[in-house]
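Report on one structure; see the data block that follows.
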Amino acid sequence: MECSTSLDELRKRTLNTYGPESAVCSVNPPLPDEARMTLLRIKYESEYKLANSFASFVEEASHKHSGETLKTVPKAVENKTKESREKRDDSSENGVGNEDLSLTEKVPNSFGESLHKSTEKINYATQTTLVVPEDRQTAVLEVNKALPSAGASRVRAVRNRALQQLVQGQRSLGPMEGVEKDRPQWHPPWKLMRVISAHYGWVRSVAFDVTNEWFCSGSADRTIKFWDFASGELKLTLTGHIGTVRGLVVSHRHPYLFSVGDDKQVKCWDLEYNKVIRHYHGHLSGVYCVSLHPTLDVLVTGGRDSTVRVWDVRTKQQIFALSGHRDAIYSVQTQGVDPQIVSSSADATIKLWDLSAGRCFSTLTHHKKGVRSICIHPREFSFASASAGRIKTFLFPNGELLRNFYGHNTIVNSLAINEDDVMVSAGDDGSLVFWDYRAAHEFFRTNTIGQPGSLESESGIFTCCFDQTGSRLVTGEADKTIKIWKEDENATEETHPVQWQPPSGLRRY
């Protein structure tokens, strides 16, 4: 259809060809875009303008005001409000009741606050729709509920057209829009750099110093050893635990090292004197994990007694004993933006705890088996969790599911993430898988080689940790060794291209 056709000619030709109801009905053959838009303007001119103006207002307000109280109203809405008020005044004078209120008159006074909350729900629902196909219908319903009730049907036609077409199996996005968003970033493969025959027992924990000059390891031989990172030489050995050392964390604010073990003990070591200065008593069984709050003097531990315990580092007092898990706790993490704790357990759940109130406000049940590891992204407001054959990422603070990682089909004991969006998952069978965190794409996989003389069953990797720069990876393994991995400096995008294809049908999964 020629663009130069006059509006009257186009109107007559379209109405004669398709009928007056073609603008809202699905016809075969489909309407030309120009004809469809013309009919929309013919039949729903005022509603279309109002919805379009309101949708633009929502979009602009969500970007510019970021939830602040809004005092400006779109011009089209103002005009509509003025007309409705005039009609209401006229009808009131004639004794006719007023039932048809305008759009802005139906919106509550706290419009800015409700608009911000609605926009957040819409953005999250849009993201969920693109991530999890089976939840598309749920996401659309959530979007519809998030919209203001007044004029929702008119706004929905403009604001949520992409979501509606996704549910119907159509694609409203451009041919490569959405697919480019999934394209993984290129990362070089990793290779083994050094093997350290470290302990006389399984290496269960590794932690780095903030200066990146040394790291420490805890083992089933009940010792904690300190290693020079540059040379790999042993610097110091600490003894004191009478059971396997399960967890280590080095303070970034004080010269302290915290260790936990199967002997129910939580110890604080002064690294200036290399001796224990505090004990934290309270756990009824083995302690499996430990985390230190990045900004507060708060220590968090979890273990076999199914409780998360929060300690005051200086006074040794137990602040909270958080109960709710039904099995042993494998991992705990704290994040500094909000006073929040994340814990994972053998009961296949992840719990999000409000540190200020000492209570659980969300329980995530996405995993089907015990969740052995949790890792927080160093830059993004999200975290990853791992169980047998499944790795998932969630969004803080409420734990919305972001992505599923498929391919590491074994028990995943440990996760590590660096600032370059490289995530590593360490398996119980000795497999080490490297992922692009944003795209959930596996770009490299390798298997560790057991130390000569070790049993075939001693091939698992129990812990992994990036150094402070993210360019080196340290793993603690069942063959009693510590292995250091680094990026292959000779690899390029030409020698190791990204093995990735767009999903069939331009879908994510």
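Glycine is no exception: its Cβ is also placed from the backbone N, Cα and C atoms.
Predicted automatically and left uncurated, TrEMBL annotations should be read as such.
Feature list (source: TrEMBL):
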type	residues	note
COMPBIAS	77-91	compositional bias 'Basic and acidic residues'
COMPBIAS	487-496	compositional bias 'Basic and acidic residues'
REGION	61-107	region 'Disordered'
REGION	487-509	region 'Disordered'
REPEAT	196-237	repeat 'WD'
REPEAT	238-279	repeat 'WD'
REPEAT	280-321	repeat 'WD'
REPEAT	322-363	repeat 'WD'
REPEAT	405-445	repeat 'WD'
REPEAT	466-495	repeat 'WD'
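Per-stretch counts of Cβ pairs under 8 Å to the repeat 'WD' (405-445) identify 466-495 as the leading one among 196-237, 238-279, 280-321, 322-363, 466-495. Below 8 angstroms of C-beta separation, residues 288-296, 298, 300-304, 306-310, 369-376, 381, 383, 385, 387, 394, 396-399 of the same chain, each at least six residues beyond the ends of the repeat 'WD' (322-363), sit close to that stretch. Note: the repeat 'WD' (466-495) comprises 0 helix, 14 strand, 16 coil (DSSP; helix = H, G, I, strand = E, B). Sorting the repeat 'WD' (196-237) by DSSP state (H, G, I as helix; E, B as strand; all else coil) yields 0 helix, 24 strand, 18 coil.
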